[in-house]
Amino acid sequence: MGLSVIILAAGQGKRMASSTPKILHPLGGIPLLERVVNTARLLNPHTIHVVYGNGGSHVREKLNYLPVHWIEQSQQLGTGHAVLQAIPFCQNEDRVLILYGDVPLISPKTLNSLLENTPSNGLGVVVAELPDPTGLGRIIRDDFGNILSIVEHKDAAEHQLKIREINTGIMTTTAMNLKKWLPQLNNNNCQKEYYLTDTVALAVAEGCPVGGVAAQCCEEVQGVNDRWELTKLERYYQRLMAKKLSLAGVTIIDPERFDARGENIEIAPDVVIDVNVILEGNVQLDRNVRIGPNVILKNTTVGENTEIHANSVIEAAVIKANCSVGPFARLRPGSVLEEGAKVGNFVEMKKTTLGRGSKANHLTYLGDTIIGKNVNVGAGTITCNYDGANKWQTKIEDGAFIGSNVALVAPLTVGKNATIGAGSTLSQDAPPDQLTVARERQRTIKGWHRPTKKE
């Protein structure tokens, strides 16, 4: 028996008050639907079917990299109708698991428990007990605790509304069962929809075993209906990430002011992360790294014993061991800092390698530049890499000393151990071991007086 997963993602999401389809809104930097797909893949299904509707072409365009089978539900007539669109693509002997594109934190542990504890010919649902179950379907049991049916909130009687055990919507049974039950559904209810939950009563009526598996926590089965629910779930997720990292030996100064936006974040023990830090995409931090407040790291690797000072923004960079960056530094894609390099305040780099032990301490732009070892780049230095049409490369060889307020008009090479005088504008190569100065000689004009204002 193989496993087919059906993810229902066709809801309109009106309460999000957004032109973006609900399932494309991110949680922890990843779209809601993608999170559910990633979890489903951990179960090793042979196929993942996604039933989409609202904003369909936009959803497929944005998430076309996902390994799923897309099925359009042109009319949103309820969850039962949505599953009916996908079930013809499932083999009769398949075990079918039904998930929801707006329930992003469901855990593989709970899903495995559901699959393992549901008889091969039975039906299983994930249930949860909530302090306030308003708006959610209730689990109806007999005196022996057996599940009899699920009643939606709008269709529930007064005594049923007092029940706190709710249906999460997550369900598993065989494809053969669904092919038998789904055509029997009707829309004789308050919402005039075909409810998937009505299959529970059909299963009970024919003696099919029905069981429930409890969710580990309320948050893992929390659906996202509006921005506020998404915000609360985001904070819960970030606290989970902070706790996971802390238990692995990372110091998170304030878990309430920490954001991890991506699933490929690897942080070694003894790293210290200050407040308002955002880690996005693929981020790797080695031992003893210190990240100051208000730092953004995206798709970046940082070597051991390196310190990133406050308010630095770093994207797609490689920073090796024992480096110092910032405060207020910006490293753009393609930046590489070799071991012991230093980038100070208000320095911007792009497609530039700063060699071992080299430093650019202040107020500098380095673009399309290869810098060797033990180079000093003075304050106010600019590599002029763009001529209005093309980018050109600058090379600064080992041991060079670049004075303050120097403009290097690429393409050019500054030779090994060369010294460039402050205020120079170079448009030709500077030879090694020599002082090169490219500026007008200072002169004083005798007898000159400042102009005076006319009366």
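Any Cβ shown, glycine's included, is placed from N, Cα and C.
Per Swiss-Prot, active site, proton acceptor is recorded for His362. The UDP-N-acetyl-alpha-D-glucosamine binding site annotation in Swiss-Prot covers 8-11, Lys22, Gln73, 78-79, 100-102, Gly137, Glu152, Asn167, Asn225, Arg332, Lys350, Tyr365, Asn376. Residues or ranges marked as Mg(2+) binding site in Swiss-Prot: Asp102, Asn225. Positions annotated as acetyl-CoA binding site by Swiss-Prot: Ala379, Asn385, Tyr386, Ser404, Ala422, Arg439. Look at Swiss-Prot and you will find 1-227 tagged as region 'Pyrophosphorylase'. Swiss-Prot lists 228-248 with the feature region 'Linker', giving sequence analysis as the kind of evidence. Taken from Swiss-Prot, the feature region 'N-acetyltransferase' covers 249-455, and the record attributes it to sequence analysis.
Distribution of Swiss-Prot features across the structure.
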residue: Gly11; record: UDP-N-acetyl-alpha-D-glucosamine binding site; Cβ neighbours (10 Å): 23
residue: Gly78; record: UDP-N-acetyl-alpha-D-glucosamine binding site; Cβ neighbours (10 Å): 21
residue: Gly101; record: UDP-N-acetyl-alpha-D-glucosamine binding site; Cβ neighbours (10 Å): 28
residue: Asp102; record: Mg(2+) binding site; Cβ neighbours (10 Å): 24
residue: Arg332; record: UDP-N-acetyl-alpha-D-glucosamine binding site; Cβ neighbours (10 Å): 16
residue: His362; record: active site, proton acceptor; Cβ neighbours (10 Å): 16
residue: Asn385; record: acetyl-CoA binding site; Cβ neighbours (10 Å): 22
residue: Tyr386; record: acetyl-CoA binding site; Cβ neighbours (10 Å): 12
residue: Ser404; record: acetyl-CoA binding site; Cβ neighbours (10 Å): 17
residue: Arg439; record: acetyl-CoA binding site; Cβ neighbours (10 Å): 12
Ala379, Asn385, Tyr386, Ser404, Ala422, Arg439 bind acetyl-CoA per the record; greatest CA separation between any two, in Å, is 22
Any idea what DSSP makes of Ala422 (acetyl-CoA binding site), helix, strand or coil? coil
Long-range same-chain neighbours of Asn376 (UDP-N-acetyl-alpha-D-glucosamine binding site), Cβ under 8 Å, sequence gap at least 6? Ser358, Lys359, Ala400, Phe401, Ile402
Within 10 A of the CB of Leu8 (UDP-N-acetyl-alpha-D-glucosamine binding site), the number of other CB atoms across every chain shown is 26
With an 8 Å cut-off on Cβ-Cβ distance and a minimum sequence separation of at least 6, pull the same-chain contacts of Asn225 (Mg(2+) binding site), or say none. Gly13, Arg15, Met16, Asp102
By a simple count, how many Cβ atoms lie within 10 Å of the Cβ of Ala422 (acetyl-CoA binding site), its own Cβ left out? 15
Euclidean distance between Cα atoms of Ser404 (acetyl-CoA binding site) and Gly101 (UDP-N-acetyl-alpha-D-glucosamine binding site), Å: 56
Summary of DSSP states over the region 'Linker' (228-248), given as helix, strand and coil counts: 20 helix, 0 strand, 1 coil
Using a 10 Å radius on the Cβ of Glu152 (UDP-N-acetyl-alpha-D-glucosamine binding site), the other Cβ atoms enclosed count 18
Among Leu8, Gly78, Glu152, these being the binding-site residues, pick the one whose CA is nearest to that of Asn385 (acetyl-CoA binding site). Leu8
Write down the Cα-Cα distance for Tyr386 (acetyl-CoA binding site) and Arg332 (UDP-N-acetyl-alpha-D-glucosamine binding site), rounded and given in Å. 16
